[in-house]
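The structure appears below as structure tokens.
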Amino acid sequence: MFGFEISAHCANTAARCGCFHTPHGPVHTPRFMPVGTLATVKGISTDQLARTGAQMVLSNTYHLHLQPGEEIVAAAGGLHGFMGWDGPMLTDSGGFQVFSLGDLNKIDDRGVVFRNPRDGRIIDMTPEHATQIQMALGADVAMAFDQCPPYPATENDVIDACRRTHAWLARCVEAHSRDNQALFGIVQGGCFPHLRRESARAVADFDLPGIAVGGVSVGEPVEEMHRIVRDVTPLLPTHKPRYLMGIGTLREMAVAVANGIDLFDCVLPTRLGRHGTALVGGERWNLRNARFRHDHTPLDPSCPCPTCSGGHTRAYLNHLIRSEELLGLTLLSLHNITHLLRFTTAMSQAIRDGCFSEDFAPWEPDSPAHHTW
């Protein structure tokens, strides 16, 4: 039911392309996953999302538990039936959101007690509870409940977070009983190399269908994130998908793929779209800018997204954004998601063609790799 096949390797880097098989279809890697936190990629219908080339979509356990509740989602046949998406799905455990968004009352080895920001009620979230919620949501992949330490954090605090993460992973494994759902573990360790290595080995020992690297893009310097990926990835099983959580910029994805990462997720493309910004050729264009007001050319003539292929011009998008029309935000979000998906697809093709190290590793904003995607 679940499996990961590697079809090509880069001769000069650790980059590889492959296919992660799930009950709802294949995920060709390397691959960016759009984020649909509340069972929707903001402002985009599932039909529109399918036209971007998206294969796997991410939703969030924390937010869906608070609204509408996993019971309602389960009654609709799980997330797939609830949102009308028939492709693969992944649910984050909500651990990051509990620690970053929740009003924490207590954290101990048992779990986390926090106050619901919506109605003030107290919620007791344990690894078992997080796993039960994800089984009810029914995504193809569930993430283990972990403790993501902030940046910066003391070494002792990160040691405690790693210890809890590994103990909680064992409890998630024990609680997980859904055969048609894969459970992934998460590597933590902050910016301490020895703790990252210890966590990578500890999580790998559970022999789960896939492994994620978490605790990055939380405020650390980007060079530190690159070092974490370089240190951790060689310690992970080669025959399983590797997922770098919360990353969605072109350079960071290219660096990660060069080090053997397969999957990514990030809210960046839709967040930028909602603020009137388009991703074009490695740049960020503010479509509110007056220079687009009389520009009647497509946003990106080479882009097959519904926005560009649909004949929507820069001038029209400028008008929509300036007028605060919701359609403008949708069109830019569709384009931005397609842009990141095209980029990961181009990396996959470059690996197969034997030119990844020339085109993408290391990738820089003025790289000649631009013409390949």
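Glycine too: its Cβ is placed from the backbone N, Cα and C atoms.
Noted in Swiss-Prot for the protein shown:
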BINDING   Asp92, Ser93, Gly94, Gly95, Phe96, Asp146, Gln188, Gly215  substrate binding site
ACT_SITE  Asp92  active site, proton acceptor
REGION    246-252  region 'RNA binding'
ACT_SITE  Asp265  active site, nucleophile
REGION    270-274  region 'RNA binding'
BINDING   Cys303, Cys305, Cys308, His335  Zn(2+) binding site
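The Cβ neighbour count for Ser93 (substrate binding site), using a 10 Å radius and every protein chain shown, is 28. For the region 'RNA binding' (270-274), the predicted model reports an average pLDDT of 98. Residues of the same chain lying 6 or more positions beyond the ends of the region 'RNA binding' (270-274) and with a Cβ under 8 Å from any Cβ of it are 34-35, 41-44, 284, 329-337. Recorded residues Asp146 (substrate binding site) and Asp265 (active site, nucleophile) have their alpha carbons 17 Å apart, per Cα-Cα distance. Each residue in Pro298, Leu299, Asp300, Pro304, Pro306, Thr307, Ser309, Leu334, Thr338, His339 lies on the same chain as Cys303, Cys305, Cys308, His335 and has a C-beta within 8 Å of the C-beta centroid of that Zn(2+) site, without being one of the site residues.
DSSP labels the residues of the region 'RNA binding' (270-274) in these numbers: 5 helix, 0 strand, 0 coil. Reported as a whole number, the C-alpha separation between Gly94 (substrate binding site) and the residue listed as 'active site, nucleophile' equals 14 Å.
Ser93 (substrate binding site) has Asp265 as its nearest neighbour among the recorded positions Asp265, Cys305, His335, going by CA to CA distance. Listed binding-site residues: Cys303, Cys305, Cys308; maximum Cβ neighbour count within 10 Å falls on Cys305. Spread of the substrate binding residues is 15 Å (greatest Cα-Cα distance among Asp92, Ser93, Gly94, Gly95, Phe96, Asp146, Gln188, Gly215).
Summary: among the recorded positions (Asp92, Asp146, Asp265), the fewest other C-beta atoms within 10 A of the C-beta are counted at Asp265. Counting residues per DSSP class in helix, strand and coil order gives 3 helix, 0 strand, 4 coil for the region 'RNA binding' (246-252).
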